[in-house]
Amino acid sequence: MNSSLTAQRRGSDAELGPWVMAARSKDAAPSQRDGLLPVKVEEDSPGSWEPNYPAASPDPETSRLHFRQLRYQEVAGPEEALSRLRELCRRWLRPELLSKEQILELLVLEQFLTILPEELQAWVREHCPESGEEAVAVVRALQRALDGTSSQGMVTFEDTAVSLTWEEWERLDPARRDFCRESAQKDSGSTVPPSLESRVENKELIPMQQILEEAEPQGQLQEAFQGKRPLFSKCGSTHEDRVEKQSGDPLPLKLENSPEAEGLNSISDVNKNGSIEGEDSKNNELQNSARCSNLVLCQHIPKAERPTDSEEHGNKCKQSFHMVTWHVLKPHKSDSGDSFHHSSLFETQRQLHEERPYKCGNCGKSFKQRSDLFRHQRIHTGEKPYGCQECGKSFSQSAALTKHQRTHTGEKPYTCLKCGERFRQNSHLNRHQSTHSRDKHFKCEECGETCHISNLFRHQRLHKGERPYKCEECEKSFKQRSDLFKHHRIHTGEKPYGCSVCGKRFNQSATLIKHQRIHTGEKPYKCLECGERFRQSTHLIRHQRIHQNKVLSAGRGGSRL
């Protein structure tokens, strides 16, 4: 019976796909899938269903689920089946947006999550990794939280169990419930009291005090509660069981009892709400940190490291949504040798926040997410995949393209609350708001000009003659960093600014603007003496010398007379 149940679970999990297993209870009956999968199930025929595709383009994850769940019976023929699969796969992998390497990473990540043991899958998917390296970091962090080592090739579940909620027990078919009872009686002699099981069938919330009282005649069940074991366990592994992290074999469902686990001092330690007094605030923190999953890891203190009865145990009990789960904090050693309790859940999240597994091979800068690394690498490669359809200008980031498009649309979403003036970019608004705060303005002692503190040091370089930005190629120095970037294009030959009319390219935007006046005929520079107009300021300056020479010639002639 054990092998048949395991084979049945493997077959159903393989059909549903790896990501669906994280959203549903792993041991729910097939008739309960309709509440967890994005499909439409007919009541009279549980085996037949039609995908409920939205009218608008679904997100990639929804398309991936539809791609994995499509059945040949749902389509009219082989041509439609092949066409539907191609469409769903394209919506999922988005080849028009993602590179080949990114698409390959998505496929590898999906397969990596598939081969993980089910207990690790629930934890890894809770953190929603975006790449294989991020999933590996989650597994490593969990491994360190469980046994304090990161180099071992095995994950030990000797002190770990996954709790089963009352609703999940209620949804189990009779065959699986019988299997639970048989496994429990075989391994530890524990039995479920008939009164307790009937209360579960009636969907009633059972106080912890009453559970212990009803289970007291059996003895072993009360011992299980005192040993901080969950009432029902999906893990099902004994204290000697070790599961290789590469093996994805599901473990049989059974009741678990541990006579070696240390219990509470008395039943009176549990209050009326089924929780240990003084631990309510800690329970709320732990419940929020595990918001994405009902699969809660229960760690038990090893026998050699257990505190005495007079010491504070640090046990937690949580009873919510018809679920009773025990959490015992694992002791750790500080640098000074003092023992303390620390939640492995919080420790794992702290490690994940500190780690930056994605490192740039060019400059060594590290990032938390792979997508941030991809965006950063465009600085080195010069890739600019986002192009403006109006003028053809390209950008390395979509946010920069959005800002640029406002120059064509005239949109100014940022408004000053003091004067009502609107701006296209947030940086322009911040610069403008500094004009309202006079206390942040300073006066230059050299020329008397008043400017903001952020521009004061830049302004003072004009008087001091400082040029802190130096080119490594020709050793030419500049006052501003932006001028150095523009100068670098002379050595690299980069010409990012192209004319949309003739295709000619330039290394500076100002040069492109001057060139475009040839096509538009614009002449913005006007001579105040004769009214003649010019395209460039240099042409106007050259023209003004003609008037200056005439004035000088007239002055010389008058002096002779």
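A Cβ is built for glycine as well, from the same backbone N, Cα and C atoms used for every other residue.
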Which candidate, of Lys234, Lys316, Lys403, Lys443, Swiss-Prot gives the annotation SUMO2 cross-link: Lys443
Which listed span Swiss-Prot calls zinc finger, if the choices are 55-77, 147-169, 193-215, 469-491: 469-491
Residue from Lys40, Lys514, Lys550 to which Swiss-Prot assigns SUMO2 cross-link: Lys40
SUMO2 cross-link per Swiss-Prot (candidates: Lys228, Lys504, Lys526): Lys228
Among Lys186, Lys282, Lys333, residue with annotation SUMO2 cross-link (source: Swiss-Prot): Lys282
Lys443 (SUMO2 cross-link) - helix vs strand vs coil (DSSP): strand
Lys443 (SUMO2 cross-link) CB neighbourhood, other CB atoms within 10 A: 11
Stretch contact, the zinc finger (469-491) with the zinc finger (497-519), Cβ-Cβ under 8 Å, 3+ pairs: yes
